Amino acid sequence: MRSNDAVARLLVEFADRLEATGVEYKPNAYRRAAENVADYPEPIDQLAETGEDAVAEIDRVGDAIASKIVEYVETGSIDELEDLRDSLPVEMAALTSVEGVGPKTVGTLYEALGITTLDELETAAEAGEIQEVTGFGAKTEQNIRENIPFARQSQQRERLGAARPVADDLCAYLDTLDTVARVDVAGSIRRWKDTIGDVDVLVASDDSEAVVAGFTEWGDADDVIEAGSHKASLRADGVRVDLRVVVPEEFGAALQYFTGSKDHNVRLRNRAIARDYKLNEYGLFDISDLDTDAADTTSDTADSQRGGVKLAGQSEAAMYAELGLAWIPPELREDTGEIDAAAEGTLPTLVETGDINGDCHTHSEWSDGGNSIEEMVAAAADRGDDFHCVTDHATGPGIIEGIGLDDDALREQMVTVDAVAADSDITVFHGVETNIAADGSLSTDDELLAELDIVVASPHSALDQDTDAATDRLCQAATHPSVDVIGHPTGRLLNSRAGLSVDMTRLAETAAAADTALEINATPARLDLAGEAVRAVVEAGGTVAINTDAHSPAELDNRRYGVKTARRGWVEPTDVLNAKPSSELRAFLH
Ligand SMILES: [Zn+2]
Ligand SMILES: [Zn+2]
C-alpha cells in the first residue's frame, strides 16, 4: 500500500536531499507537491494506476514529479532518490528534526565530519568539532547540542494526526470481520494525547486466532512485526500498531486498563482496594470473602487475577459505576481531579465537534492558502457550518515576503469578501491573521483592525523568548482593543519546535479580562494550545476558539483534533467562541 501520506513523506525526503546537495528551487517544488499530495482527497496509488497524466492533474504536481510518484507506486522505490540516498547516507529525518539543522547543514556536516546520525551529531557537538566547520560558530554548536534531547524524544513519538487516521482505518477494517464482536483503540490515542508512542487496538472476540490472522492480512499493513495467539503488531504508514484480543466478558476491563493513564489507573486501583475490591485488566472483583492466600494480588497468573466475586468487566461504564463513579471520558483520564469530579457528579459536559458552528481562522489563495475565498466558504457551508471567517496573513515578522497582505491589499480583499458573502447562505466574516512582533506590537494598522469583523493575532517570529518576555508579548496583544483571538499562542510545532514558554495562568487571566479568546489550533502539527494549557483558560473563566487554520477545504476536517484537545482541557460548549451562533459571535467580536 502507498498511502498519500507515505508518498508525501517521500517527496519531502526528496526535497531535503536535493537541498542538501545544494540544488535550488527544485526542493520547494517537491515540498509544495508533497503538501498537495497529502491533502488530495482520493487514494494516490489508485490514481497512479491510471497513469502519469492523471497524477499530474493534482495541483502543483508537474510531469516530472508525477512520473516519480508512478515509479514509486509501481516499483516501491524511486531510482533517483536511491541515488541521492547512496551519495548522502545520512538519517535525514532524524537529523533535520533538530531545531536549527536544515538539509543544507546536514549536507555540510556530512562533507566536513561524516555525521550520519543523531548520536554522531551529539558526539561531534560535545567534542567541539562543529564550531570548527566553516560557517558554524560556538553559538550554533551550543544550540544544536541543546536541541538534540528534544529531537531525540520527538523521534520516538508519533503525532496524533499521523496515527489517528491509521487507527480509524484499521478499526473500520476489523469491524468488518465476522469474528470481531467489538473493537476500539486504547492507550494514549484514545485519550487523544497530542503525540503517542504507538497505536493500541483492542478487540473483543471468542476466536482470537482468527482475529490475529485477519489483522495480519490487513491490506494497508507495510509489514507484520510479530503475531501470537492473542497479540500481534504491525507497521502501517510508519506507525506501529499493537493488537490485543480479549474475550467479550472482559472487554470493558481491558479497555479501561489499557487506556490509562497510569496515574489515573493507580488512583482508581486505590479506590478499589479501599472497598476490598481488586481492579485489573480482567475485571473488578470483590475479594472481601476470599482467604488471604487466594486473594494474593502479587501472583500474576491470569486465574489468580480473576479470583473473588466478579462485579464488572464487560463494560467500562459498569467498572466505573461499581466504584461509585460516573463514566469518565478518556480525554480526562490524567489524574487531574477527574476521579473526585466523577464521584461528586461534577464532571464537565465536554464540547463536541457538533457544537462548533464555524471556523474563526482560515486562509485563502490571497495569502498562502490553496483555494479562492468562494471555494473555502462553499466548503464550510457544505460541512454544515453557520459562518466562516476569512483571516489571511498580514505581511510582517515571520511571514515570507510576498505571502502576507499589506493594509491596501486587505482593503481590496474587503470588496471580494463582501461579494462572496452576498452570494452565500452562511455568514462570512472578514478578518486578518496579523503578526505579534517580539515586542507585542501588531503588523496591521489600528484603524484597519478596527474596521475588520475579526482579528486573529499570532506569533510567527522570535519564538525563543524567555517566559516573561513571551507572556508580556502575548498579554499586550490580547489587550489590544481590536484583537479577538490569539492564534496558536505558543507557536509550537509538535516534534519539531518547542515554541514560546508562556505563563499560562497570567495569559489566561489577562485574556479573560479583555474578552479575547485563546486559540486551540487544530492543525495536527500544532495542537496549540495543548490540553493542559487550555485547562488554565477554563479555570480563568476565559474563552477558547477551536480553529482549523485551514489552508484548503480538506484541512477543515481537522476540527476534531482541536475539539479533542479542548476536551483534554475540560472545555464545555459555553467556553468556546465558535460554538456561539453567528449573531452572538458578532456581539463578542470587538
Ligand atoms: Zn499563523
Ligand atoms: Zn493561520
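Numbering starts at 1 and runs along the chain as displayed.
Cβ atoms are placed via backbone N, Cα and C, with glycine included.
Features reported for this protein in TrEMBL:
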DOMAIN    2-334  domain 'DNA-directed DNA polymerase X'
DOMAIN    53-72  domain 'Helix-hairpin-helix DNA-binding motif class 1'
DOMAIN    93-112  domain 'Helix-hairpin-helix DNA-binding motif class 1'
DOMAIN    128-147  domain 'Helix-hairpin-helix DNA-binding motif class 1'
DOMAIN    358-438  domain 'Polymerase/histidinol phosphatase N-terminal'
(message) Across the domain 'DNA-directed DNA polymerase X' (2-334), what does the mean pLDDT come to, as a whole number?
(response) 91
(message) Counting by DSSP secondary structure, give me helix, strand and coil numbers for the domain 'Helix-hairpin-helix DNA-binding motif class 1' (128-147).
(response) 13 helix, 0 strand, 7 coil
(request) Could you tell me how many residues in the domain 'Helix-hairpin-helix DNA-binding motif class 1' (93-112) are helical, how many are strand and how many are coil under DSSP? (result) 14 helix, 0 strand, 6 coil
